[in-house]
Every structure is written in C-alpha cells, then in structure tokens.
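Quick look at what TrEMBL annotates:
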{"type": "TRANSMEM", "residues": "125-145", "note": "transmembrane segment"}
{"type": "TRANSMEM", "residues": "157-176", "note": "transmembrane segment"}
{"type": "TRANSMEM", "residues": "241-259", "note": "transmembrane segment"}
{"type": "TRANSMEM", "residues": "279-300", "note": "transmembrane segment"}
{"type": "TRANSMEM", "residues": "312-328", "note": "transmembrane segment"}
{"type": "TRANSMEM", "residues": "382-406", "note": "transmembrane segment"}
Amino acid sequence: MYSTATKRRMNGSCRIFAAMNTKTHSIIREKSGALEHRIVIRQFGSRRPPQWQRKLVKIFDEMLTKVWQSMDEHGFHPDLPSSRSVGLLGGYLVTLALLGVVVPGPKIQGTVLADKTRITYKCNGFSVLLILLAGLAGGSYTGHFSPSIIADLGGELFVATLILCFVFSIYLQTVGSLSGSQSTSLKSHVTGNVLHDWWYGVQLNPSLLGLDLKFFWIRAGMMGWLLIDLSIAAKMFQEQGSLTLSMSLFQIFTLIYVLDYFWFEEYMTSTWDIIAENFGFMLVMGDLVWIPFTFSVQAWWLMTNRVQQTKVATAMNVLVFLIGYTVFRGSNKQKHIFKKNPKALIWGQPPQLVGGKLLVSGYWGIARHCNYLGDLLLASSFSLPCGFTSMVPYFYPTYLLILLLWRERRDEARCREKYKEVWVEYCNKVPWRIFPGLY
C-alpha cells in the first residue's frame, strides 16, 4: 500500500493544492450555481494552476518524500493496523468525547453565522487535556501500558487514522446530502459534484448526538499531536536513558504551544475553519492525520540524530520562540477581543478603525496578518533545535509558509471583494502583509 514514494506523499500534495485553490472557491461561493460549478471543474484538474503554484507543489512534494524516507529510517513504518492500534485509536476518541461531555467548562457563544445563528461551544479542552495526560501517566506508572506505546504503534496508528478519515468523510457527505435542512449546517454552495463535495464537505457544523464534530475533530488532532510527541520522548528515554537538549527544547516548546491553544480554546470559535469552511475530507484528514503525524516529524528525526547545541544557539532558539509566541498570542487575542467588543482598549488606547470595520491598532497596525508572522516564528522555533544538517525537520515551517502565503492571498482577494474602496484605504494605512519591512 505504501511501497512507492508517490503514494506516500499524495496526501500532503493534495492538501497544499487544495489550499492554493481555496481563493477561487471562497470568492465564487457567493455567485450563481452555474458559475460555482464551473469553478469546481477548474479546481479538480480541467484548468492547470499557474506555473509558480506548480513549482511550489513540486518543491513540497520533494520535501515530503524526504520526510517519509527519513521517518521510515527512524522507525516509523506505515503498516496495516492491528487490533491493538485500532483499539487504541477508538479508545482515544471515545474517551475524548466522554470527557468533553462530563468535564465542566465555560460555554462560549460562537461567531454570528451567515444565517444570523450562533453555536454554543463548551470550551473545556484544557481540563480535558490535563485529565487525559494524568490518566496516561497513571496507566504508565502502574504498568498497564508503556508510555512509548503510541510511538511503537506509530505507523499502524497512521494508517488506521487515515482509513477512519476516509470512512468518516463518506459518512459526513452521505448524511449531509440526505439532510433536507436548510439551517446553518447546510451550505448553499454544495455543488452535487461528488468528488468536490466529499473533499470540501457539504455541511458547515455537522453534529452527532449533540457533539459538534468539527470542533471535536480539531481538539482530537491537537491533543494527538502532543501525545505523539510525548510518546516519542518516552521512547528515546527508554532506549537511550536520557533526552538530548534538542529533544527537550522541542518537547517544551510544543507542550507550551498546545497547552496555550487549549487555555485560549474559545478563540478557536471565531477562526475561518470553524465559521466558514465546510467539514469534508480536507479538514477531516487535515485535523486528525496531517497535524499530529506531520507536525511531530522533528521528534522522530531527533530520535536518531544528535545535535550539539551551543549556549548561544539555545538562547537564540528560545528567543525566537518567545517572540513568536508573543506576536501570535497577542495578535489573535486582540482580534478575538475586538470581534466581541469593538470598543475594547488595545494597548491602552481606543481602537483605530478604517471604514468603521477594519482594525489598524496594536499588532494589526503593524501588518495585515501579524498572527501569521507569529505562527511562522513559532514553527521555526520547533525546528531550530534540529540544527541545519537536514531539511527534513524544517518540513513543518516550510509547509506552513507555503500555506499561509497562499491563505494571505486568498484573504486579500476576499476582503478586496467585500470591502472595496475601504480595503484600499486600509492597505494604504497598513502596507505590510505579513513581514514588516519585507512583504
């Protein structure tokens, strides 16, 4: 099944290609059904993307091939799942769902959607994660299972999760297509093109037994990423008796990042993926396969590659992480607070607006997508502990750079269409897109 490099890199290529085509999809969704269908055909191959896009995909493909080869060398072997790996995956998802229901947490009203409705989210992810980690630590301490079990079954879990995502996406498409509801969860731009609707999804906020599936799926992917990282660290400790400084830095950075994500989980309720993207295979696979299994590449690489960290290199790595975290968290917090209360102070001053809608205060007066800058700095800090002898550990920041550059272009086109001359004035006030002074 995974005998060729082409098959191994297929999922990453499809996700990047889909991200590059989101711009057209986002603008056209408000147009007529006929035009919408024509764009769908373009997205699925009847019109070739520009040459620069094809070059980016080629670079990404080559890098992903090297990543797979490296992970194979470091003990990650995709294989048909055993009953043990299937049980582990199923137990994880069921436990997560049950904890999400029974653990108390604040109930947050989501963003007002296109049909003027709002969804209520129970943002107890931080408590759920701590309980999950405590349970796993307890089970490991009492000898019920090895703390390296996830890493030991990494290849099987990857295949099992991928199969689950395929099957689950078919379920989502079937249930969504058969639904006669015209509520928030059923979007008007569903095309009837089976491949397109399976890939992008037919429902915005599908639910099962009262569980918001998209919100739950993102939670499972982010927690899964941390659990894989920690299991790899446990495997290194078992085999080598200690953790290297590089592995320790990577583990600390990703632990802080994921804990921070769930501490501010309510901010997720206003993101584009939650409020605008249908829940189809692209998000299903992206959340539960792409995030946990590709964002942990650095940990797999550090298992068998020792990096000599100087004090200066370590200090610089920590500095990059701290700057990235400050910009990322600060900009997203300002955006979220502004959406909830447009009159809230930013850096101690009343917010400055363009056209009464577009914020040009705080981080949002420095660059139009300052949060992307913070995210890229954080991604780089996760890879810097690996040194510079291989491009494999830099897969995540490279992928993120390509994705965010394209997302920025998509957002620019969407906002230009929506705000018209107000957007031109806004761009004059905030000329930098992501990198102040550069881009």
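Yeah, the Cβs are placed from backbone N, Cα and C, and that goes for glycine too.
Whatever TrEMBL says is automated annotation, not expert-curated.
A Cβ distance under 8 Å defines the sequence-distant neighbours of the transmembrane segment (279-300), meaning residues of its chain 6+ beyond its ends; these are 11-12, 15, 18, 67, 70-71, 74-76, 154, 158, 161-162, 164-166, 168-169, 172-173, 197-206, 213-214, 217-218, 220-222, 224-225, 227-229, 232-233, 247, 250-251, 254, 273, 382-383, 385-386, 392-393, 395-396, 399. Annotation: stretch 382-406 has the most Cβ pairs under 8 Å to the transmembrane segment (241-259), among 125-145, 157-176, 312-328, 382-406. Between the transmembrane segment (382-406) and the listed ranges 125-145, 157-176, 312-328, the one holding the most Cβ pairs under 8 Å is 312-328. Same-chain residues lying 6+ beyond the ends of the transmembrane segment (312-328) with a Cβ under 8 Å from its Cβ atoms: 245, 249, 253, 256-257, 260, 363, 370-371, 373-381, 384-385.
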